[in-house]
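**Student:** Have a look at the structure that comes next, please.
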Amino acid sequence: RGLAALVVLVVLQLAGAASAAALPVVINTWAFRKAAETAWRVLQLGGSELDAVERGCGQCEIDQCDGSVGYGGSPDESGETTLDAMIMDGNTMEVGAVADLRHVKNAIGVARKVIEYTKHTLLVGESASLFAVRMGFPYEDLTTQKSLSVYSKWLNQSCQPNYWKNVVPDSSKSCGPYKRPEKVTSKEEQTISQRSVHNHDTIGMVVIGGSGTVASGTSTNGAVHKIPGRVGDSPIAGAGSYADSTAGGAAATGDGDIMMRFLPSYQAVEYMRMGTDPTVACQKVISRIQKYAPKFFGAVICANTTGSYGAACNKIPGFTQFHFMVSSPLLSQPTEQVVDCI
């Protein structure tokens, strides 16, 4: 069998295949190695694709990956950390999601319970927390010394950067409370200059099992200093991630406020359904968004039901390459891979 696999590999390489395909495959955004290892281990121990996604993303919630997933990161304008997450079953097309979740750390775990115990798709805010507690999740503080210091530093620098526009007082120079001006002036200059490209990194994951079954999921604490109540792309099906066992799966990371308007994960899966190579599918999605927002920060990962995978990102200053993790039988261990942005 080893020889046969080798021959297949050589043939694929000769054919110039973008990525040698084998199942199962786990792919996730960023160099979140422990998340990849956890998901892969779940599959190896006979867990389902959904189990692998839930545990893999859950690992990042525990590890507070990059400070942008899980508790104690990305405080909003009132200093609170809130979580967004979703999980999708590509066999049944069921989705469970939570947004603006407070006081509960395991957001993707709660999202899974939305599938299992309700007929709903998305629960939000304090009510989502009450649901979580009913489901047996502990009610905890998501604030840490680190998130408090990020918050106080932000207050000390006149609440810069923030997400307001066309308000009084001038949101580029001072803290609120803001209100809309009596007379609207059409000064529409986004103050993105100070936003680092690392202020909203989501864990997004696609798992494709040995039989081609697809599951996907995301978890994040959203954009740092967001306006309370803001929900990004992560918990939105088709935006943050999408899974369809007849085609493949995709997940997105980056500036959710822009990316969610294009349903990039859904679009990437549709391209793959039409037979587009996963790398090209990801690139096409990025270039569609570029037409409207050339300077957006974002990346997409894609995998089809044969186990072929790819990724793409938008090239901006400070972000010219995107790192992601892949686990597959062709790799001796979960491996970090890199693509150049377009």
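Glycine is treated like the rest: Cβ placed from N, Cα and C.
Quick caveat, the model's predicted, so the values are computed rather than measured.
Taken from TrEMBL, the feature active site, nucleophile covers Thr202. According to TrEMBL, the substrate binding site annotation covers Arg230, Val231, Gly232, Asp233, Thr253, Gly254, Asp255, Gly256. What TrEMBL lists as compositional bias 'Basic and acidic residues' is 179-190. Sequence annotations record features per position, and here TrEMBL assigns region 'Disordered' to 174-195. The signal peptide annotation in TrEMBL covers 1-20.
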**Student:** Among all protein chains shown, how many Cβ atoms are found within 10 Å of the Cβ of Gly256 (substrate binding site), not counting that one?
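**Tutor:** The answer is 27.
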**Student:** Looking at Cβ-Cβ distances, which residues of the chain lie under 8 angstroms from Arg230 (substrate binding site) while being 6 or more apart from it?
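**Tutor:** Sequence-distant Cβ neighbours: Asp76, Asp100, Tyr163, Gly222, Ala223, Asp257.
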**Student:** For Thr253 (substrate binding site), list the number of other Cβ atoms lying within 10 Å of its Cβ atom.
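**Tutor:** Step by step: centre on the Cβ of Thr253 (substrate binding site), count other Cβ atoms within 10 Å, giving 30.
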**Student:** Calculate the distance in Å between the alpha carbons (Cα) of Val231 (substrate binding site) and Thr202 (active site, nucleophile), and round it to a whole number.
**Tutor:** 13
**Student:** What is the total of other Cβ atoms whose distance to the Cβ of Gly254 (substrate binding site) is within 10 Å?
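**Tutor:** Cβ-Cβ neighbours of Gly254 (substrate binding site) within 10 Å number 27.
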**Student:** Hey, which of the binding-site residues Val231, Gly232, Asp233 is the loneliest by Cβ count within 10 Å?
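**Tutor:** Val231, out of the binding-site residues Val231, Gly232, Asp233, has the fewest neighbouring Cβ atoms within 10 Å.
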